[in-house]
């Protein structure tokens with residue numbers, strides 16, 4: 001019997017890894033491992049990952065994130081091989097490759113982790129339809145978030161909790177999150193396939209192969225500071241959990257945006273890819289804190305997990321959440337179209353050293369502190385450049401290791417004062433803000449070496465240095481380092497005025513729209529409002 005026919009003879013279960021790139025606390029993977037047919041016979045297990053051009057179409061990803069993904073795939077494959085199976089990497093579009101896999105592998109069950117993002121729901125619905133046509137049962141499990149977003153909405157009377165505090169009150173009224181399940185130590189021997197463990201057709205591509213495939217030059221990558229994978233995620237988590245005092249006293253606003261080493265956990269990339277379970281993180285924090293005095297949400301570590309849950313809940317339930325137009329919660333702002341200023345911001349050439357250092361760190365390392373994100377986001381939008389938050393979102397989506405669709409969009413709306421946060425008159429200074437935690441500018445010197453020889457008093461405002469000092473430092477402004485793209489003191493006040501007008505316009509537009517809808521509604525329609533809302 002040839003190998004292909006042998007594959008068909010076995011009834012197979014396929015677990016499709018996407019974000020949940022781990023074996024600990026992965027209920028969908030556990031289901032695949034334990035699934036049996038009506039005769040009580042164990043299915044043969046095939047864990048897969050699809051290198052999906054669909055992902056590239058909808059989400060930009062830079063070289064750092066592809067490296068993180070490749071490392072995570074290698075880690076996952078290594079762990080699976082220790083259990084007697086492997087990761088099968090498939091290249092192609094899910095809706096194109098699955099029909100062939102269903103037939104070739106005699107698939108009876110497909111499992112994967114629930115994904116609430118719009119592009120993912122569209123993709124998954126398409127795959128589910130294909131599965132039904134081929135007689136394949138599909139099981140999705142909630143494990144990327146602590147709470148099921150649909151249950152949060154239900155607990156809030158069917159509406160979206162639009163503030164963080166409201167979200168907290170809702171989830172605290174719900175049952176405790178499910179307990180995480182451990183990674184399997186072994187797999188049932190009858191579910192293992194031993195005949196193609198060495199089939200190179202399904203191997204994880206090398207980093208060079210993957211980057212070349214995606215159009216990147218591997219030689220241009222900077223050193224890797226945050227290796228991908230479940231093993232590294234759990235190692236980093238436990239490293240921080242050892243320090244109970246630090247965990248209990250942690251307050252996010254009191255950490256430094258421009259320290260030379262991260263002042264936070266940098267677990268966000270591992271959460272984004274699902275190398276670390278949110279439930280596992282949540283309960284480890286609970287274990288470490290115990291009954292000790294500790295900081296509270298929103299600034300505590302558990303508070304950071306709640307921020308993630310909040311944005312996932314709102315993002316899953318809001319049309320066009322990652323856009324301004326058609327987004328019902330977003331202020332409609334007439335942003336400028338300024339390609340030159342956007343390019344300067346993107347590449348760390350605005351002439352403001354604090355802003356530029358942050359953007360260069362982002363490009364080199366794929367991660368920046370959350371307060372640094374606040375500073376550059378405010379600068380791009382309402383603070384200085386008056387450029388749409390959608391442009392900034394696209395840059396972060398490409399360069400951040402932890403570019404998470406719902407959190408990225410939510411934070412950009414917040415920081416541009418387009419939604420959630422409405423005190424648009426509170427503007428970050430691109431000079432004073434960085435000085436609070438790094439007066440001598442060591443962070444700037446690290447990421448903008450052309451300014452390394454500037455005296456401390458001029459490092460944040462090099463344009464104010466006398467020409468003689470600029471020449472002595474080997475960096476003349478306008479020659480070796482750019483002049484300021486805008487004068488902050490002049491533009492931010494004008495931008496506050498423009499933001500105020502945008503708020504009034506948006507409010508008036510909503511009021512007019514609501515009045516028009518009310519007038520157009522007939523009496524019979526009004527009687528049916530309650531019924532329609534319940535459907």
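Just so you know, the numbers here start at 1 and follow the chain as drawn.
Heads up, the Cβ atoms here are built off N, Cα and C, so glycines get one too.
Per TrEMBL, the feature domain 'Photolyase/cryptochrome alpha/beta' maps to 11-146.
Taking a C-beta cut-off of under 8 Å and a sequence gap of six or more, residue 307 (FAD binding site) has these contacts in its own chain: 164, 298, 407. Positions annotated as FAD binding site by TrEMBL: 264-268, 304-311, 402-404.
Positions annotated as site 'Electron transfer via tryptophanyl radical' by TrEMBL: 335 (among others). Counting only same-chain residues six or more apart in sequence, the Cβ atoms lying under 8 angstroms from the Cβ of residue 335 (site 'Electron transfer via tryptophanyl radical') belong to 381, 386, 387, 388, 389.
Sequence annotations record features per position, and here TrEMBL assigns site 'Electron transfer via tryptophanyl radical' to 389 (among others).
Residues or ranges marked as site 'Electron transfer via tryptophanyl radical' by TrEMBL: 412 (among others).
The region 'Disordered' annotation in TrEMBL covers 505-535.
Taken from TrEMBL, the feature compositional bias 'Basic and acidic residues' applies to 517-527.
Note: the CA-CA distance between residue 268 (FAD binding site) and residue 412 (site 'Electron transfer via tryptophanyl radical') rounds to 17 Å. Taking Cβ-Cβ distances under 8 Å and a sequence gap of 6 or more within the same chain, the neighbours of residue 412 (site 'Electron transfer via tryptophanyl radical') are 377, 381, 389, 390, 392, 393, 396, 418.
A sphere of 10 angstroms centred on the C-beta of residue 268 (FAD binding site) encloses 21 other C-beta atoms. Listed in sequence order, 145, 146, 147, 152, 167, 171, 278 are the same-chain residues at least 6 apart in sequence whose CB falls under 8 Å from the CB of residue 309 (FAD binding site). Sparsest Cβ environment among the binding-site residues 266, 305, 403 (other Cβ atoms counted within 10 Å): 266. For residue 264 (FAD binding site), the same-chain residues that are 6 or more apart in sequence and have a Cβ closer than 8 Å to its Cβ are 252, 255, 369, 370. Listed recorded positions: 311, 389; maximum Cβ neighbour count within 10 Å falls on 389.
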